[in-house]
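S.K.: Just dropping this structure here.
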Amino acid sequence: MDAATLEAVALVGAVLGVASHLGYFIHGEHHMQGTRIYLSFFAVTTFLFVSVIRLDGNHSYLAASQTTAAASLSYLSTLTLSILTYRVFFHPLRNFPGPFSAKLSNFSHVFRIFKDSRNFIEVDKLHQEYGEFVRFGPNEITTTSPDAVAILLGSGSKCSKAPWYDCVTYPNVSLQLTRSRVLHDKRRRIWDRAFTMKALREYESRVRTYTNQLISVLDTKTGQSINASLWFNFYSFDIMGDMAFGQSFDMMKSGEKHSAIEILHGGMKPLGVFTPISWILPLLLDIPGLSGGIKAFQQYNKDRVAIRKESTPETPDLFSWLIDAEKQSSDPIHKDPRWLWGDSALIVVAGSDTTAATLTHIFYHLSRSPKAVSALRKELDAFYQPGSESEFKDLQEAPYLNGVINEALRLHPPVPSGLPRFTPPEGITIGSTYIPGNVQISTPFWSMGRLESCYKNAEEFLPERWEENSELILDKSVFVPFSSGPYGCVGKNLALMELRNVVARIVTEFDTKFAPGEDGRTLMEKSKDVFTMELAPLEVVFTKRKD
């Protein structure tokens, strides 16, 4: 094919590249269309290749290849150049501080977190370098402004959930991951029935049973080094299995890791790397062989739902309410099996990893702080009677115990990188800073919990800061470990019930210290951010209390 023809083809490709960017890609949301876009590009180039062969008198494969290559490369080059030019010079976020590479592509942030999956640390470094508002992606802002919490997460927020949520749950849907407020509220009404005060009282015996099992394990292993991260995971998974699906995983009894833990971590692992480019997750699911961990987790949840629907536990569990809604409600949302599958995943993640992470971090700090242990024992010894009818109510009102839990949640929030939101078309104003519309923005909880402007001696573990009239808290509004507003964690009270019960039992019955050679650095430096925390080991020795 002659040079003039190739130049003409390349020119057409270039024009189409710029036109597709300005006319399509900068308008609306396209995060769920990755597969369609790539298939469309492949179809068009294939059509062009075949057309040239049919129209060329010599049926030349060389001419077809040259024409297709010229058109494709020209299209992709000008499309890329147009995108980069827009992001650097014309994007509404162009004047926000941040790394230059972040203006160009979210892949720059993927490279930052690829090795260690510690997004919350990398985001904190960006704030240390660039300040309160940082552009860490072409259309992404992270902020540590205390004013942002209520504006983004509060009940009066004008923001919606970010496109990220669509990608994470695909192809299923769940209470916490749906972006539709209408659908969320319908589903939330069902979930709320499972967490009424009456329902919580019925769960007390289950919590007590599994706490007793954990105490029995510590009794048999007294004086030995144990991986607290692992055993608290066993506890949280066992109780989650019973509470959610009516059947424990019995890991505390067997002392062996159930395959469910590996399946969960395999399903969550991609989030540790691909969160900045979440659009790639649906694409991976559509490509055979590239999403084994995610698909295994999804299949696991389908299987759990199927097994649970075939049985009826003696005591109602969380899924009882969801299955009843499926059977009795005429609303199509409750008939769609994708909601049960998605809510199963929600229960597994929220009911296991988060509880285990908080317990592990609590005993990391208590192992380093004999003073805190003494203060907590002094409080508990005055009233606490394990197994009593008022056990859970009494613990609920224990200020220092709640302070210990709150400090762990402040310093080590279960979702350290925060919850991404999407600004309304008209934008929002945080303090004196205007954030344009249709921008993803988040408040990194890990960094917020360490703001000296909100907490005195912010890096220190000080349970007394949560006592009434304490001067150690300057701005409590940033403390939202369970989120807030309409999307706040529905299982918050159950989680706190479990945490209080376990901490009170262990502290009143055991002394705790780091195992020989353990200093906690592995837990602090090797745990991974996969939306929730995937914990590194923490070797601890529990011995029967001596004082």
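From the backbone N, Cα and C atoms, a Cβ is placed for every residue, glycine too.
So TrEMBL has the following annotated:
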BINDING   Cys489  heme binding site
TRANSMEM  6-25  transmembrane segment
TRANSMEM  37-55  transmembrane segment
TRANSMEM  61-84  transmembrane segment
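Tell me what's around each of these sites.
M.R.: There are 19 other CB atoms within 10 A of the CB of Cys489 (heme binding site), with all protein chains counted.
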S.K.: For the transmembrane segment (37-55), find every same-chain residue at least 6 residues outside the stretch whose CB is under 8 Å from a CB in it, and list them.
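M.R.: Same-chain residues near the transmembrane segment (37-55) but 6 or more away: 30, 61, 63-65, 67-68, 71-72, 283.
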S.K.: Cβ under 8 Å to the transmembrane segment (61-84), counting only same-chain residues 6 or more beyond its ends: which ones?
M.R.: 1, 5-6, 9-18, 20-22, 25, 45, 48-50, 52-53, 104
S.K.: Where does Cys489 (heme binding site) sit in the DSSP three-state scheme?
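M.R.: The three-state answer is coil.
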